[in-house]
Amino acid sequence: MASSSKFAWIAIAMFFALFSLKHCQAYYLTPNYYDYACPQALSTIRTVIRDAIAKERRMAASLIRLHFHDCFVQGCDGSVLLKDTPWFTGEQTALPNNNSIRGMEIIDAAKRAVEAVCPGVVSCADILSLAARDSSEYVDGPTWTVKLGRRDSTTASRDLAEADLPIAFENLDVLIGKFAKKGLDAKEMVVLSGAHTIGQAQCVTFRNRIYNETNIDPGFAIHRRRGCPSDNAGNGNLAPLDPVTPN
Ligand code: HEM
Ligand SMILES: *[C@@H]1O[C@H](CO)[C@@H](O)[C@H](O)[C@H]1NC(C)=O
Ligand SMILES: *[C@@H]1O[C@H](CO)[C@@H](O)[C@H](O)[C@H]1NC(C)=O
């Protein structure tokens with residue numbers, strides 16, 4: 001009796017030790033996550049991101065959006081980076097992403113750079129999170145502390161991307177619903193949409209709005225029609241989302 005209850009206590013203790021270890025690795029994010037395993041991680045990533053934006057200013061916007069599109073599908077798990085495989089169709093060809101998301105090669109370059117200093121330590125999901133912060137900081141936007149320790153997904157889903165990501169022509173109720181599904185309220189949606197103060201949009205995403213809709217500043221609509229013909233020509237023509245501070 002005594003020895004079997006002792007055994008039970010040891011078993012219970014081992015269970016909780018293993019459980020909390022797993023818990024710690026899988027779920028606990030902290031800004032100091034790489035301090036011991038890869039102290040150079042954050043500066044290495046920042047250098048790659050800053051070099052990319054110095055070469056092409058728009059990349060700051062593209063990397064912020066890439067992080068958003070990663071997080072809205074299965075959480076911030078790097079799934080947006082995965083190409084199609086025989087087992088799943090990835091997110092990159094989903095309607096809101098196809099011919100639209102940019103900057104994957106910059107994340108790849110940052111991953112290569114951290115692999116060179118600490119192989120197998122830093123997740124792509126964390127690199128995406130840091131890249132968004134570093135981008136905002138570099139273009140004099142807000143900055144924030146990034147909690148780290150995300151694990152990378154081994155799967156991705158085009159269907160989930162099409163269901164969860166907002167689409168240009170959706171109305172306010174639908175958009176509020178999509179953010180609510182991620183635990184974000186209408187005010188948080190509006191605040192996050194402030195990211196549109198930088199970056200570019202393709203004519204195909206705003207054509208209907210500038211030719212057919214009336215709840216838009218008429219001067220702005222007429223101005224935008226110049227670079228965006230009403231027929232299907234020029235679908236990919238770019239215009240700044242915010243003409244005042246495009247960079
Ligand atoms: C509220 C719902 C949202 C909708 C419907 C939406 C839609 C769009 C569309 C249609 C574009 C242009 C894409 C293209 O033409 O290829 C765009 C660009 C962009 N979006 Fe959003 N977006 C939303 C929210 C957000 C959020 C929450 C963020 C980040 C926090 C964000 C960041 C950006 C950025 C930075 C760009 C410019 C990207 C570039 O120049 O490469 N958007 N968005
Ligand atoms: C994505 O874009 C490519 C190139 O424009 C196009 O050929 C393809 O059909 C698109 N894929 C989807 C799923 O819409
Ligand atoms: C305007 O709306 C009509 C009716 O929905 C549509 O057929 C047409 O293609 C739209 N025009 C543009 C430029 O989006």
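Here the Cβ of each residue, glycine as well, is placed from N, Cα and C on the backbone.
Residues or ranges marked as signal peptide in TrEMBL: 1-26. If you look up TrEMBL, you'll see Cys38-Cys118, Cys71-Cys76, Cys203-Cys228 marked as disulfide bond. According to TrEMBL, the site 'Transition state stabilizer' annotation covers Arg65. Annotated active site, proton acceptor per TrEMBL: His69, in sequence order. Positions annotated as Ca(2+) 1 binding site by TrEMBL: Asp70, Val73, Gly75, Asp77, Ser79, Glu91. According to TrEMBL, the feature substrate binding site maps to Pro166. Annotated heme b binding site per TrEMBL: His196, in sequence order. The Ca(2+) 2 binding site annotation in TrEMBL covers Thr197, Asp242, Thr245.
Features recorded in TrEMBL, as mapped to the structure shown.
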| residue | record | DSSP class |
| --- | --- | --- |
| Arg65 | site 'Transition state stabilizer' | helix |
| Asp70 | Ca(2+) 1 binding site | helix |
| Gly75 | Ca(2+) 1 binding site | coil |
| Glu91 | Ca(2+) 1 binding site | coil |
| His196 | heme b binding site | helix |
| Asp242 | Ca(2+) 2 binding site | coil |
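Each residue contributes its Cα atom, and for Cys203 (disulfide bond) and Glu91 (Ca(2+) 1 binding site) those atoms are 22 Å apart.
Within 10 Å of the C-beta of Thr197 (Ca(2+) 2 binding site) there are 16 other C-beta atoms, taking all protein chains into account.
Measuring Cα to Cα from Cys76 (disulfide bond), the recorded positions that fall within 10 Å are His69, Asp70, out of Arg65, His69, Asp70, His196. Around Val73 (Ca(2+) 1 binding site), taking its Cβ as the centre, 27 other Cβ atoms fall within 10 Å, counting all chains.
Candidates Val73, Gly75, Ser79, His196, Thr245 (binding-site residues) were compared with Arg65 (site 'Transition state stabilizer'); those inside 10 Å Cα-Cα are His196.
Comparing Cys118 (disulfide bond) with Asp70 (Ca(2+) 1 binding site), their Cα atoms are 24 Å apart once rounded. Packing around Asp70 (Ca(2+) 1 binding site) is summarised by its Cβ count: 27 other Cβ atoms lie within 10 angstroms of its Cβ, all protein chains included. Residue pair Asp77 (Ca(2+) 1 binding site) / Thr197 (Ca(2+) 2 binding site) shows a Cα separation of 26 Å.
Between the listed disulfide-bonded residues, namely Cys71, Cys76, Cys118, Cys203, the fewest other CB atoms within 10 angstroms of a CB are found at Cys118. By neighbour count, meaning other C-beta atoms within 10 Å, the densest spot among the disulfide-bonded residues Cys38, Cys228 is Cys228.
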